[in-house]
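Remarks on the structure that follows.
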Amino acid sequence: MKKFSDFPLIREKNDLLRFKLFRSTFGNVKFLNILRASLLLLTLYAIFFGLIHPDRKENIFTTALFWGLFWPFFMVITLPTVGNFFCMVCPHGFLSRKLSKSGLKLNLPKGLKNPYIGLGLNIILYWFILYTFPGVLREPLVTALFFLFFTLLAIAVSLIFTNGAYCRYFCPIGRVAPAFARVGFTWLSTYNRELCDSKCDKPDCAFACPYKLSPLKFDKNNSMDTCTLCMECANSCEGVKLSVRRWSHSLLKKIPKPQSWEVWVYIILLAVITITMRFHHGLGHSPVKESLPWVIIGKWLQETTGIGKPFDFVGLTALIMALLITLSLVLGGFYLTSRIINRSYRDVFLNLGYALAPLMIVGSLSHVCHFFFTHYYHEVINGFAQAFFLDFRVEPLADRKDTWLRIFNIFPFIAAFWSGYIMWRRLGFFEVKGFKKIVSYILSSGIIIFYLGLTVFILYVRYFGHTGHHH
Ligand code: SF4
Ligand code: SF4
């Protein structure tokens, strides 16, 4: 039987696995498993720490680890840069792959093979709670219970069902991270497909994949599906490569089998995270606060129903309004575009929807960078010092009033132009020209234009607001 390894391989210049140091670390399952196991221990310890120290005053570690380190650094920073690094080192993915080897290995029932289960859990258990019960997720006990729930879910699902079920269908990040990883510049695939097709009798890479994906097809499909970068495939055959490509390269090319779940991830999270955040937090403390529609409606609902703290109608109204605005701008814009260019609505949705990928994830960088200097840095360091009984403390790197922090306001603009550029390129697939192209471009970019306008408005009220207060 001929194998890929029978043919000497000269690695391409842009293949990260070309570097020995990379091959023996992030290209190496053993190294990764040690890293994942350490992160698992850290996760379990942080959960335990949150359960025995439920109070905010005596526990900064639990929240700092999850919301100050894992979420901003592994998600927001890595996805638009190096890609799906989060899943690569994820302790739950590690646990799930290990456990399912000795579990019942049942096939997941058809009804549960639904890409929206994980996304739904993400929105209901995190974002919905964040807006409607403000502050609750900052509590160490709640944070610990939140991660305990997902740890137990990962264990249960992996013990019952075949490999990969947890990551692919239940994990709240499982669909989100691979979809946003398209924005970054790395790409996993295999060398020379011809050689793989004709000379390789048994595709080791596909057999090795715990998620039953075939890296052989990643290039052809212009999709890595739900690849978690676990690197099992790369360790089974040297024909696998992890290349550095042009930023967002996969979004600039046609996607032969576009997936509606991917597009829905972009749209829903854009509404639930970015637009709601801007409504609620971006403007919620500004001088115009009292005249915002969601504040007026929210307060009215609160008075009429008599339901008050800890439930927040203002947050809920902001969330619903953001969803309605985003959905009407995106779906309405795509519908009108489909009429103008004479293509089916589905075609337009599946092709142009991918242009929205950078909007949420690149825009979120401004918040995360800002918070690194004002919150995350000292909270994470002091949290670790507290959890491991070390006797030192560090101060915040910056005060939120520091004017130089304003430099991070650049990210939402980069996000909008990035998405706008991809939209223009993807509209080109439909071979529309001239005036039609410009009109359909403006219509299909409605949400990008709205996002830009909202960003400018927030900056305006924040820095030049008429009362002169800076919050
Ligand atoms: S899909 Fe979820 S559990 Fe699986 S590796 Fe990614 S983050 Fe971890
Ligand atoms: S293709 Fe499969 S085996 Fe390879 S890195 Fe992705 S998830 Fe892991």
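Glycine residues also receive a Cβ, built from the backbone N, Cα and C atoms like all the rest.
What TrEMBL says about this protein:
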- 63-109: domain '4Fe-4S ferredoxin-type' (DOMAIN)
- 144-174: domain '4Fe-4S ferredoxin-type' (DOMAIN)
- 31-52: transmembrane segment (TRANSMEM)
- 64-95: transmembrane segment (TRANSMEM)
- 116-134: transmembrane segment (TRANSMEM)
- 140-161: transmembrane segment (TRANSMEM)
- 263-281: transmembrane segment (TRANSMEM)
- 313-336: transmembrane segment (TRANSMEM)
- 348-373: transmembrane segment (TRANSMEM)
- 404-424: transmembrane segment (TRANSMEM)
- 438-461: transmembrane segment (TRANSMEM)
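Here the domain '4Fe-4S ferredoxin-type' (63-109) has, by DSSP, the following mix of helix, strand and coil residues: 30 helix, 1 strand, 16 coil.
Remote same-chain partners of the transmembrane segment (404-424), defined as residues 6 or more beyond its termini with a Cβ less than 8 Å from a stretch Cβ, comprise 183, 248, 251-252, 352, 354-367, 369-370, 373-374, 398, 441, 444-445, 448, 451-452, 455, 459, 463.
Here the domain '4Fe-4S ferredoxin-type' (63-109) returns a mean pLDDT of 94 for the predicted model.
Per-class residue totals from DSSP over the domain '4Fe-4S ferredoxin-type' (144-174), listed helix then strand then coil: 23 helix, 1 strand, 7 coil. The list of residues near the transmembrane segment (263-281) in space but at least 6 beyond its ends in sequence, with Cβ under 8 angstroms from a Cβ of it, reads 116, 119, 123, 127, 131, 175-176, 179-180, 292, 294, 314-315, 318-319, 321-323, 325-327, 330, 349-350, 353-354, 356-357, 359-360, 363-364, 367, 447, 451, 454-455, 458. The transmembrane segment (64-95) makes no contact with the transmembrane segment (313-336): fewer than 3 of their CB pairs lie within 8 A, with pairs spaced 6 or more apart in sequence. Counting only same-chain residues 6+ beyond the ends of the transmembrane segment (116-134), those with a CB under 8 A from a CB of the stretch are 146, 149, 169-176, 261, 264-265, 268, 272-273, 276, 280, 310-312, 315-316, 318-319.
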